[in-house]
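Participant: First the structure, then my questions, so here it is.
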Amino acid sequence: MSNQRTLLDFDKASIAGVPDGMTIDNKNNLWIACWGGSQIINVDSNTGALLYIIKMPAERVTSLAFGGKYYDILFVTTMKTGLTPAQIQTQPSAGALFSIHGLPVIGNYNNPAANCAPVLD
């Protein structure tokens, strides 16, 4: 890899959580799942500026990917494993898969999925 640089320092920007899964949108900006931060963020890939913060109803946000026929749905995964019963009570959606609609961007069409038939033994 060349031209490596820090795009966004979570501590300096006071962003809750740590970066986990990531994806790129059609404007080449970065979407980051913030594990332990109950949010996903969108970062300008040129300047590092924070564009959007979307709060999630689960603390452990693990990954995200654009999907749907037009790549206009952002799917977000979360984790329930390791939460205490009290934490699960305050965030009952932990471990769920979320879909976010209506964003002002879509995903890239770089790797379109093909319809695949299951292989059964």
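Each Cβ is built from the backbone N, Cα and C atoms, and glycine gets one as well.
TrEMBL: automatically predicted annotations, no manual curation.
Copying in the features that TrEMBL gives for the protein in this structure:
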DOMAIN    1-79  domain 'SMP-30/Gluconolactonase/LRE-like region'
BINDING   Asp20  divalent metal cation binding site
ACT_SITE  Asp20  active site, proton donor/acceptor
Participant: Measure from the Cβ of Asp20 (divalent metal cation binding site) and count the other Cβ atoms within 10 Å, all protein chains considered.
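Facilitator: For Asp20 (divalent metal cation binding site), the count of other Cβ atoms within 10 Å is 19.
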Participant: Summarise the domain 'SMP-30/Gluconolactonase/LRE-like region' (1-79) by DSSP state, stating how many residues are helix, strand and coil.
Facilitator: 0 helix, 39 strand, 40 coil
Participant: Average pLDDT across the domain 'SMP-30/Gluconolactonase/LRE-like region' (1-79)?
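Facilitator: The answer is 95, the mean pLDDT of the model over that range.
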